[in-house]
Amino acid sequence: MGETHNHEHNHQPPPQQAAAPPAMPLGSARGPMFPPAEQLLQLHYCIHSNPSWPQTVLLAFQHYIVMLGTTVMIATVLVPQMGGGPGDKARVIQSLLFTSGVNTLLQTLFGTRLPTVMGPSFAYIISALSVINDLSDSTFRSEHERFEHTMRAIQGSLIVSSIINIILGYGQVWGKLTRFFSPVVITPLVCVVGLGLFGRGFPQVGDCIEIGLPMLILLVISQQYMQRVHPVAQSILERFALLLCIGLIWAFAAILTVAGAYNHVTEQTKMSCRIDHSFLLSSAPWVKVPYPFQWGTPIFRASHVFGIMGASLVSSAESTASFYAASRLAGATPPPAHVVSRSIGLQGIGQLFDGFFGAVVGTTASVENVGLLGLTRVGSRRVVQISTAFMIFFSIFGKFGAFFAQIPLPIFAAIYCILYGIVAAIGISFIQFANKNSMRNIYVLGISLFLGISIPQYFVMNTDITGHGPVRTPAGWFNDILNTLFSSPPTVAMIVGTVVDNTLEARQSFDDRGVPWLVPFQRRKGDSRNEEFYSYPLRINEYIPSRFL
């Protein structure tokens, strides 16, 4: 019995111990954790809400001023090399403003319906330079004749190559491509559409540092710091500090010009700093309505068309990235695949319109205007639609448009330093919907971001003033396509990110990639909010075949 007693005693269950507290997530004791947010909560006005009419008009004018900088930059680069003078440059700016206004209105009504300004695209510059170089050996009676002949050649190329975007868009090809996107692809795609434009930021501020740097510093201080001084100042400076800063620094540049600060400087410095060296105001017509084929009958040449086709593909990639960024900054959900498709198809129609009216380049969704949505925290569609009235008005009344076109380009470059940064940062926010701690995702992000900037930089550095890039085969049209495609950061990031993300452990990492979050938004009726943000106005859906919706 003693052994039995001892045996039973030795096998009694151990006394119950207090349960250990559940393990806390790493870092929870050091601060709050922020869950993913599909829509930004700090916007004052989203896509459907609108400020008061006076504020709407001022904000719309601000959008016009921001897109005007890119318009003037492109005309400044191309028109002199085409043989055009100040008068030709003024008319090109008018044509670009007119087509941008019409394309923006169409895109906000029948395209993505997002508040995106459709402005002239730098993606077409390489192809345009190739056309200019190809015609450089031809004999003309005057430089103005050479300008008109070159313009007609670019016109014809824009008209023919527009078929690419029309087919990709309304054929639903581009939308099917976006179905391969995940947040791991969208993040670098949107990031580099801002970061890839660094050459138009501080390097151009440095062209006239005494104007550009004060503009950059003043905008940051007034728009971000001074608004906290008084409640009244907050609403004014947060939305309109950009206009106030432009006015102050432009007046400062005028004082320097009148005082003779730039009388004995290089011609390049005069172009960047003086407010009267573009001669736009004196050469622009008072009233001039852009009309189809205003430069003459378009010239069609196959070698030119293929180069512009490459630029059309690049503009589609740039617009897609801008649409995703605009959807976040307007308080909307990511655009569904069918919406992206119809917007690219409409962009092709817009390029056809550009060719008819003699715009020197095609249009794309303006990155800087998307950044302005974030700067002002106003994502209202109405504001952007009203801005088209300013574009069209100033395209017709040339003297008034030329007055604002004389703003020194370093002022615009200082603005872009902030606006491009906002777009790049909004791209980073998309990674919240994927696993940020996955080494596989980190690898895809890293290679897409780096190659998306590094490869285009190689192509840009090895492209001469005539538009000849590092790809130099006997087939000139083939060179133009590849040189244009790989000079575009969003295009390279999209290609690299999509291929690697969909081939590297794609099925095993389905959840880590954030695909379950994105799929409902990619489908027409996958999320109830898709129709709310992206359906056509005025019951137009009932009269259009579903494949074109």
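Here the Cβ of each residue, glycine as well, is placed from N, Cα and C on the backbone.
Bear in mind that TrEMBL entries carry predicted annotations, made automatically and left uncurated.
Look at TrEMBL and you will find 1-11 tagged as compositional bias 'Basic and acidic residues'. Taken from TrEMBL, the feature region 'Disordered' covers 1-31. Look at TrEMBL and you will find 61-80, 117-135, 156-174, 180-198, 205-225, 240-262, 383-405, 411-430, 442-461, 481-500 tagged as transmembrane segment.
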Check the transmembrane segment (205-225) against the transmembrane segment (411-430) for contact, please; criterion is three or more CB pairs under 8 Å, pairs 6 or more apart in sequence.
yes
Of 117-135, 240-262, 411-430, whichever stretch has the most CB pairs under 8 A to the transmembrane segment (481-500):
117-135
Against the transmembrane segment (411-430), which of these stretches has the most C-beta pairs under 8 Å: 61-80, 117-135, 180-198, 240-262?
180-198
Of the stretches 61-80, 117-135, 180-198, 240-262, which racks up the most C-beta pairs under 8 Å with the transmembrane segment (383-405)?
61-80
